[in-house]
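Take a look at the structure set out below.
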Amino acid sequence: MSEQAMEEDQQSYEDINAVKTPFDVAQCDGDSLYTYLPNWLNSLTDEQIRAPPMSGNVFQQYIRQSHLESSMANSIRKMALNEDRLFTVDDFEFGRPLGKGAFGIVYLARLKKTKFICALKMLHKSKINEYSMAEQVKIETESGFKLNHPLILTMYDVFHDEKRFYFMLEYAPHGQLYRFLQKLRRFSDRLAASYIYQICHALEYCHSKSIIHRDLKPENILVDCCGNLKLADFGWSTKIRHADTMNTTACGTLDYLAPEIVGHKQYQYHVDNWCVGVLAYELLSGHAPFEGTDDETKVKIANINYTFPDYFSPLARRFIDNLLQKEPKRRMQLLDCIAHDWLQRNAYKYLFGPYKCPIYVHMDE
Ligand code: AMP
């Protein structure tokens, strides 16, 4: 790397360290992360990548702490309102639109009273009724309140008025992981592995709470101010009621559908593990493994017909092969993914950012 490139790299690293308050976060320029993070990961020694997490389960403490605070919605409301009522849209001031979903727009917003920054997702009730999506809204709310993890987008509160539902969400300044991938075209082994490592932890936590996400893809994963992932969009998630209960609802995005869903068979949480394999392939190559017309994709998925570009490392191939297994029970478990050599040799085991916070497997409560 040239002197100048190193200086620029250092500069962007400092920018990220300077991001400490929500107000700084709201103002930070997104794109420096896209050059900083991959370069910084590549500059780490093998020793730093392999370093075991420090003692003390920081995630566990974080989760316990939040549970102790009864519900996050209550404490945020109490700070902002001083009255026993729910939020209304008038409690917020609005910034730029962050994106558009199928049923409404997401805005950057700030609580007038405390200046607390968040994303406000507004869903039109008329559209939800028109497409019979009320159940999805209910599920998104239930999953949102149940999940409390640093790698999952926090749902602070939900309220509604005559026309709309409002989801008050954690703000993820770097938007979709999809955009990051578009900027870089494809990720290095270290960047892809670090992100897959984070996703495995987030999904492992969801499964431990009996929730299957069912719609994992780069569009539904957001990126926080320091580059950490925030698993989002639980609109298609479902609750596993008993370990042996199976689902049959066909949902998700075609490129990411597991063979049991394409084949209209019963399925369980293993569908998320399949998606981890597809995601790893897409992050490393810039495209999904079973691309084609809709019909071609379905046939390719049913026959597990995919090939690797030449530049895929043997370890990455083995990792993906272990997940893209037709038989759900033969698919690698998430804890085995975390322990797999591809992740152990390539993934950064801490949260990105100024505080070196280790990512741990076991999060007993
Ligand atoms: P959704 O309706 O949840 O699919 O959101 C539509 C788009 O808004 C997403 O694809 C993101 O680009 C953006 N977006 C949603 N939630 C957030 C958030 N919490 N922080 C930043 N951007 C978001």
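Placement of Cβ uses the backbone N, Cα and C atoms for every residue, glycine included.
Nobody curates TrEMBL annotations by hand; they come from automatic prediction.
The following features are taken from TrEMBL:
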type     : residues                                               : note
DOMAIN   : 92-343                                                 : domain 'Protein kinase'
BINDING  : Lys121, Glu170, Tyr171, Ala172, Glu219, Asn220, Asp233 : ATP binding site
ACT_SITE : Asp215                                                 : active site, proton acceptor
CROSSLNK : Lys217                                                 : SUMO2 cross-link
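The average pLDDT the prediction assigns to the domain 'Protein kinase' (92-343) is 91. Around the Cβ of Asn220 (ATP binding site), the number of neighbouring Cβ atoms within 10 Å comes to 22.
Close to ligand 1, meaning a Cβ under 6 Å from one of its atoms, is not one of the recorded positions Asp215, Lys217, Asn220. Cα spacing between Glu170 (ATP binding site) and the residue listed as 'SUMO2 cross-link': 19 Å, rounded to the nearest whole number. In the three-state DSSP assignment, the secondary structure recorded for Lys217 (SUMO2 cross-link) is coil. In this structure, Lys217 is the one among the recorded positions Lys121, Lys217 with the smallest number of other Cβ atoms inside 10 Å of its Cβ.
Within 10 Å of the C-beta of Glu170 (ATP binding site) we count 17 further C-beta atoms, all protein chains included. Tyr171 (ATP binding site) and Lys217 (SUMO2 cross-link) have their C-alpha atoms 19 Å apart, to the nearest angstrom. Within the set Lys121, Glu170, Tyr171, Ala172, Glu219, Asn220, Asp233 that the record links to ATP, no two Cα atoms are more than 16 Å apart, and one pair reaches that distance.
The two recorded residues Lys121 (ATP binding site) and Asp215 (active site, proton acceptor) have their Cα atoms spaced 18 Å from each other. Cα to Cα, Asp233 (ATP binding site) and Lys217 (SUMO2 cross-link) are separated by 10 Å.
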